[in-house]
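Enquirer: Would you mind keeping the following structure in view while I ask a few things?
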Amino acid sequence: MHSNTNIPLLSSVIQLIKDMAMKLLLVALLALAFAHAVLASDPSPLQDFCVADDSSKVFVNGAVCKNMNDVTADDFYTSGLDKPGNTVNNVRSNVTAVNVNKIPGLNTLGISLARIDFAPNGLNPPHTHPRATEILVVLEGELYVGFVTSNIGQTNRLFTKNLKKGDVFVFPQGLIHFQLNTGKYNAVALAGLSSQNPGVITIAKAVFGSTPPISDDVLAKAFQVDKRLVDRLQAQQWTDNNN
Ligand SMILES: *[C@@H]1O[C@H](CO)[C@@H](O)[C@H](O)[C@H]1NC(C)=O
């Protein structure tokens, strides 16, 4: 009687432990996969450097490494950032990017730089960097800057700041942000970006200036305006102030 009641109990306890172990394993695997997704970024280097080999016909996520023996100091070098970009354009600003396309040595390192010039009233229009957080320092002049959060509940919160020379501001990865010169003179900023190739999506240009154009029906509904206004916006010349 003793064993008759206990053996089924024991086996169901064992089954329970097995089930729990399976569930734990599943949770652990999911956590690992999730952590991997959350931590995903520019590839972390598995060697001192992996200078982009632009002559390679092989496509990988990034660029293949140039032979170490062929690497020189020039692979980590560029110049000319002392010169302002030309701000004679619709938005009166000019972004000079120094990314992996300018410095092949940045490949796999997860970092790049930009110089941003603003004429008085110049605007770096609302845009996002799909692959990078940005940290910006004002070298000259005054800027009104801000970013908007993603849809949190029903709200997109706006964070803004008036910056002067020496001030620093951060634009988190992927969020829409802008910078406006509010001073009387030219302004200059330097920005560090957490990707070798941050990418830029200029909102107005991407939405109203795509090739081919997005259907005006779609945009009229999305922006809750009539199609004529959409057509007018789509007919405009959309400047890309990034170089
Ligand atoms: C930005 O400045 C560079 C260098 O002066 C110039 O070549 C480029 O055309 C300018 N871009 C715009 C959009 O004005």
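Just so you know, glycine gets a Cβ as well, placed from its N, Cα and C.
According to TrEMBL, the record shows the following:
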- 1-40: signal peptide (SIGNAL)
- C50-C65: disulfide bond (DISULFID)
- 79-231: domain 'Cupin type-1' (DOMAIN)
- N124, H129, E134: oxalate binding site (BINDING)
- H127, H129, E134, H177: Mn(2+) binding site (BINDING)
Enquirer: So which recorded positions out of C50, C65, N124, H129 end up within 10 angstroms of H177 (Mn(2+) binding site), measuring C-alpha to C-alpha?
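Expert: So far as Cα distances go, the recorded positions lying within 10 Å of H177 (Mn(2+) binding site) are N124, H129.
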Enquirer: Across the domain 'Cupin type-1' (79-231), what is the average pLDDT of the model, as a whole number?
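Expert: Reported value for the domain 'Cupin type-1' (79-231) is a mean pLDDT of 98.
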Enquirer: Have a look at the recorded positions C50, C65, E134 and say which one has the shortest Cα distance to H127 (Mn(2+) binding site).
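Expert: Result: the closest of the recorded positions to H127 (Mn(2+) binding site) is E134.
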Enquirer: Hey, does DSSP put H177 (Mn(2+) binding site) in a helix, a strand, or just coil?
Expert: strand
Enquirer: Where does C65 (disulfide bond) sit by DSSP, helix, strand or coil?
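Expert: Where C65 (disulfide bond) sits, the three-state DSSP reduction gives strand.
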Enquirer: So if I draw a 10 Å sphere around the Cβ of E134 (oxalate binding site), how many other Cβ atoms end up inside it?
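Expert: Summing over all protein chains shown, E134 (oxalate binding site) has 22 other Cβ atoms within 10 Å.
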Enquirer: What Cα-Cα separation, expressed in whole Å, is found between H129 (oxalate binding site) and C65 (disulfide bond)?
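Expert: C65 (disulfide bond) has its Cα 25 Å from the Cα of H129 (oxalate binding site).
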Enquirer: List, in sequence order, the residues of the same chain other than N124, H129, E134 whose Cβ lies within 8 Å of the centroid of the Cβ atoms of the recorded oxalate site.
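Expert: For the oxalate site the neighbour list reads V95, A114, H127, T128, A132, L136, F171, H177, A191, L193, P198, V200.
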Enquirer: Starting from the Mn(2+) site formed by H127, H129, E134, H177, give every other residue of that chain whose CB sits within 8 Å of the mean position of their CB atoms, in sequence order.
Expert: T128, A132, F147, F171, L175, I176, P198, V200
Enquirer: Around the C-beta of C50 (disulfide bond), how many further C-beta atoms are within 10 angstroms, looking at every protein chain?
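Expert: By my count, 22.
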